[in-house]
Structure formats: C-alpha cells, structure tokens
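Below: the structure, in structure tokens.
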Amino acid sequence: MVIKGSTKVVGLIGEPVEHSFSPPMHNEAFKTLGLDYVYVPFNVSPDNLKSAIEGANSLNIQGLNVTIPHKINVIKYLKELDPIAELIGAVNTIDFKNLKGYNTDGIGCIRAIEEVTKIKDKNIVVAGAGGAARAIVFYLAKYGAEEVNILNRNLKKAENLASDLLASNLISNVNSSDISEISKFISDADILIDTTPIGMHPNVSDEPIVKAADIHEELVVNDIVYNPNETVLLKEAIKANAKVVYGIKMLLYQGAESFKIWTGREAPIDVMEAKLKETLNVI
C-alpha cells in the first residue's frame with residue numbers, strides 16, 4: 001500500500017482499538033478494488049472525543065467507525081443522523097461529507113441471518129438488552145419481523161428496550177422476559193440471536209444460554225460473538241442439527257455497509273470475509 005497526497009483516510013475511534021479486526025479487512029477491500037483509501041485505528045479517550053471529531057473533520061478524514069465507549073456520546077458532535085440510528089440512539093459509522101451518523105451493527109446482523117433465512121414474518125428471540133441488542137431489534141422490526149421477544153437477566157432493561165421498540169411503531173408484537181424463560185420462548189421461535197458476551201474469549205467454557213435438548217431443528221441460531229468462531233451456544237445448536245449463523249458474519253456485513261457509505265461502492269464481501277477469517281485464524 002502506497003500512501004500518497006491523494007489518499008483518502010478512514011478509520012476507527014474507540015478505547016481500546018489495538019485488537020480491532022477492521023483495519024486489515026477494509027485495507028484488503030480497498031486494495032482489491034484499487035481504491036486510494038487507507039483505514040487507520042485511532043485510540044481516543046472519552047475526554048478527547050470532541051476534539052477528535054473536530055480534528056478529523058479539519059484533517060479531511062472521509063469517515064470513521066465508532067466503537068466502545070463512544071457510540072452514544074459522539075452523537076452530540078454530528079450534524080445529522082440516519083433515521084434508524086436516531087431510533088437506536090447510537091452511532092458506529094460517520095460520513096464526514098455531511099457529518100452524518102449511521103448505525104450499521106443492526107443491518108450487519110440482518111444480512112448475516114438473511115444468508116440463511118428471511119427476517120420477514122418470523123418469530124425472533126433476542127438474548128440480551130444492551131447496545132448490540134438495541135441496534136439489532138430496531139432493524140428486525142424494520143425488516144418485517146412478526147414478533148420480537150427480548151430476554152435478559154436484568155428484566156428492567158429488557159422491558160425498557162421492548163417499550164422503546166413498541167414506541168417506534170415499526171412493530172406491534174414485542175415481549176420481554178427474564179432469560180431463564182428462554183426454553184419456553186424458543187420452542188416456537190424461528191430465530192434466536194444471542195447478543196450477550198457469554199462464551200466470548202477467554203471465557204470459552206461458559207454455560208450457554210440454552211442447551212441442545214431445548215433447541216429444535218428448524219431454529220436458526222446466531223451468536224454475535226466472533227471469538228471463538230464456534231461459541232458454546234453454536235456448539236449446542238450444531239448438536240441439535242439447527243442452522244447456525246456465526247458472529248464473524250455480522251462483523252463482516254456491518255463493515256461492508258460502512259465501506260459503501262464511505263466509498264459509494266459495493267464492498268467485495270468474499271475478499272473481506274477471507275481476510276477476516278485469516279486474521280481470526282478461522283478455517
């Protein structure tokens with residue numbers, strides 16, 4: 001890669017960013033399409049967020065991904081929000097052409113699942129009620145899910161998220177419950193999405209949120225954790241002969257959506273996926 005005076009800079013802000021898999025994925029995509037872009041990670045503390053956004057704008061940086069802990073606080077420094085990012089209340093992608101914020105996490109999850117099955121008219125169970133769950137449930141509603149059930153250990157958080165989702169008027173059938181009720185909810189569900197950190201490296205031997213005995217063969221099971229590739233939950237789903245959607249796919253597709261926002265070009269999905277798998281040592 002040759003950096004020239006004409007090279008357009010995009011990147012990632014967060015704290016920490018040292019272990020991000022986005023730079024190799026995006027830089028491989030730019031190389032493949034012959035685009036004069038470079039993707040750089042920037043470690044930005046919360047105290048420096050305002051000056052980082054102003055500085056990026058002044059330096060003619062084209063776009064940024066935004067990760068923890070800035071996804072909510074960055075909004076106050078933007079001029080415009082994509083409508084669904086406004087509903088979610090969090091941003092993971094900025095386009096500096098108009099200082100506009102987007103959230104591609106939810107659509108990343110949708111595109112991953114839609115490799116296997118459509119979202120429309122499905123009964124979907126979402127485990128967890130944090131930032132990732134919030135991004136995902138609004139997109140599930142937008143893409144025509146029939147029913148969304150939000151299960152969480154902290155029931156109040158699940159209830160609050162369900163209430164916000166209903167208030168969006170995107171969907172009318174939303175329920176919340178304690179995660180201990182998961183077996184009951186997935187018995188007639190079409191899709192299970194686990195947004196919890198259970199099973200994430202280094203805690204790869206965590207107890208999964210549900211065991212194979214309670215997973216039916218027609219269920220599509222998605223775990224958004226991508227390290228390890230095959231989480232404890234996905235191992236149980238495979239035992240039950242259910243279809244599985246790996247977390248790496250959401251990472252891939254949210255990145256592809258950001259790529260398109262910045263460049264106006266369709267992302268080379270196969271190239272990005274191969275680079276992600278190489279970086280994550282996934283066979």
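A Cβ is built for glycine as well, from the same backbone N, Cα and C atoms used for every other residue.
Per TrEMBL, the features are:
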ACT_SITE  Lys71  active site, proton acceptor
BINDING   Ser20, Phe21, Ser22, Thr67, Asn92, Asp105, Tyr226, Gln254  shikimate binding site
BINDING   Gly128, Ala129, Gly130, Gly131, Ala132, Ile224, Gly247  NADP(+) binding site
DOMAIN    12-94  domain 'Shikimate dehydrogenase substrate binding N-terminal'
DOMAIN    115-212  domain 'Quinate/shikimate 5-dehydrogenase/glutamyl-tRNA reductase'
DOMAIN    247-276  domain 'SDH C-terminal'
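The structure, with features from TrEMBL marked on it.
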residue	record	Cβ contacts under 8 Å, 6 or more apart
Ser20	shikimate binding site	Leu12, Gly14, Pro41, Thr67
Lys71	active site, proton acceptor	Ala90, Val91, Asn92, Gly131
Asp105	shikimate binding site	Asn92, Ala132, Ala135, Ile136, Met250, Gln254
Ala129	NADP(+) binding site	Ile150, Asn152, Asn154, Lys157, Ala158, Asn160, Leu161, Ser176
Gly130	NADP(+) binding site	Lys157, Thr195
Tyr226	shikimate binding site	Tyr246, Gly247, Ile248, Met250, Leu251, Leu280
Cα-to-Cα gap, Gly128 (NADP(+) binding site) vs Phe21 (shikimate binding site), nearest whole Å: 23
Same chain, 6+ residues apart, C-beta under 8 Å of the C-beta of Ile224 (NADP(+) binding site), given in sequence order: Cys109, Ala132, Ile136, Ile193, Asp194, Thr195, Gly247, Met250
Most distant Cα pair in Å, residues Gly128, Ala129, Gly130, Gly131, Ala132, Ile224, Gly247 binding NADP(+): 17
Those residues of the chain, 6+ apart, with a Cβ under 8 Å from that of Phe21 (shikimate binding site): Leu251, Leu276, Thr279, Leu280
The one of Gly128, Gly131, Gly247 whose CB sees the fewest other CB atoms within 10 Å, among these binding-site residues: Gly131
Where Gln254 (shikimate binding site) sits in the secondary structure, as DSSP reduces it to three classes: helix
Where Asp105 (shikimate binding site) falls in three-state DSSP terms: helix
Within the domain 'Quinate/shikimate 5-dehydrogenase/glutamyl-tRNA reductase' (115-212), residues counted as helix, strand or coil by DSSP: 34 helix, 20 strand, 44 coil
DSSP-derived class (H/G/I helix, E/B strand, else coil) of Phe21 (shikimate binding site): coil
